[in-house]
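J.: Pulled these from TrEMBL:
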type	residues	note
BINDING	CYS101, CYS104, CYS141, CYS144	Zn(2+) binding site
Amino acid sequence: MAGEALERGQAAAVLARAGIEPTALRLCVADVLAREGRALAAADILARVRAGRPANKVTLYRILDLFVEKGLAHRHSSGDRAFRYCLGPRFSSRTHCHAYCLRCGRMECLPAAEEAVDVAALAQSCGMDVAGVEVRIDGICAACRESGGPVATAETPGAVDDGCGNT
């Protein structure tokens, strides 16, 4: 489902099955996550939501927390200390890894974690029942590599003009 708009009825049904009232703002947040097809920072989600309707940051974070709690979204850490959000298992059965660009902060969804990590072998070697796997590959994306320039660090996230439209 990632990368394409959700049908309103489909999203409403998923929210209802999760025990969440399908308000207009919640449906809009679900649609933004589905349309984008990649993990987004809350500020990016808020900007996209505000393009179509009024919304505030506190309400957005409450919606994102609720979506994560109910399995509708995943919350992923990133190198710039900001969480990124993407669709969760109730919207998309596809578990996946992420690639994070250290220069522009873009986080892309990659193929399933099971294709990149032998979860069963890790679980056995750790002696644990695995509840989830989060894999993030940090590096420089192709667009930033072509533009050159310094790499942002955790101490100066987003402080670098990276040539990708982010500062």
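Note: Cβ is positioned from N, Cα and C throughout, glycine not excepted.
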J.: Counting across all protein chains present, how many other Cβ atoms fall within 10 Å of the Cβ of CYS141 (Zn(2+) binding site)?
T.: 20
J.: Let's check the environment of CYS104 (Zn(2+) binding site): how many other CB atoms sit within 10 Å of its CB?
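T.: Other Cβ atoms within 10 Å of CYS104 (Zn(2+) binding site): 21.
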J.: What number of additional C-beta atoms lies within 10 angstroms of the C-beta atom of CYS144 (Zn(2+) binding site)?
T.: 23
J.: List every residue in the same chain as CYS101 (Zn(2+) binding site), at least 6 positions away in sequence, whose Cβ is under 8 Å from its Cβ.
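T.: Sequence-distant Cβ neighbours: MET107, GLY139, ILE140, CYS141, CYS144.
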J.: Which of the three DSSP-derived classes (helix, strand, coil) applies to CYS141 (Zn(2+) binding site)?
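T.: DSSP call for CYS141 (Zn(2+) binding site): coil, neither helix nor strand.
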